[in-house]
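Below is one structure, written out as C-alpha cells; the observations come after it.
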Amino acid sequence: MAQDNSPNKTITMNQRCSRTKFTEEQSKILIKAFHQNPYPGYATKQRLALEINTDESRIQIWFQNQRARHQCQKKSEPDEDLESSQDQDHSEEEIQSREDRRCRTSYTSSQLHTLIEAFMNNPYPGIDTREQLAKEIGIPESRVQIWFQNRRSRFHVQRKREPDDQDSEQRQDQEQDL
C-alpha cells in the first residue's frame, strides 16, 4: 500500500489527484499527531510530511478529513464536552496552534494579474492548470488552490449583493421622486 509521491504526475485537465494511501506505519504517526493536536500548525504539518515522505498538502487534507470524521462521531455522543469547553477561555494548545500557522501569502501585482486572468478563463482549474500556474508565478500549488477557493467565494458573495445594491438604488431614486 505504498503511495506514489512523485511530484511530476501527469493528470489531464480538471482531474483530481489520486487518492493518497498511507501505510499502516504512516497512519499510526498521523493518528498519534492528531490525538496530540487535531489542528496542527504549518510547521507541524511540514515535519509530519518529511517524516512520512509525502506532501504537506496531503497532510493538511488528512487532518481535515480526520476532524470531520471525529466531529461526526462526537455528534452522536452527549454534549458534555461543549459545556466544559465553554467554561475555559483559550487553552495553551490553541494559542500555540495560532503561532504555528503559515504566514499569510502576499502576492505581487504580476502574480495577481496572472491569477485573475486565469480565473476569468476558468474559475475551477484542474490540478494540472494549478500546477502550471504555480510554476509560472513561483508559489506552491496549494496556495494557488486556496486562492481560487477564496476568489470563487468572494465572487459568489459579490453576485449575491448586486441585486440588493440595484434594489436600494431604485428605492432611493423613488424616494427622491416623491
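Using the three backbone atoms N, Cα and C, a Cβ is placed for every residue, glycine included.
Here TrEMBL flags 13-73 (among others) as domain 'Homeobox'. Broken down by DSSP into helix, strand and coil, the domain 'Homeobox' (13-73) contains 42 helix, 0 strand, 19 coil.
Under the heading DNA-binding region, TrEMBL lists 15-74 (among others). As a whole-number mean, the pLDDT of the DNA-binding region (15-74) in this prediction is 86.
The feature region 'Disordered' is assigned by TrEMBL to 71-106 (among others).
The compositional bias 'Basic and acidic residues' feature in TrEMBL is assigned to 87-103 (among others).
According to DSSP, the secondary structure content of the domain 'Homeobox' (98-158) in residues is 44 helix, 0 strand, 17 coil. Under the heading domain 'Homeobox', TrEMBL lists 98-158 (among others).
The DNA-binding region annotation in TrEMBL covers 100-159 (among others).
The region 'Disordered' annotation in TrEMBL covers 155-178 (among others).
Residues or ranges marked as compositional bias 'Basic and acidic residues' by TrEMBL: 160-178 (among others).
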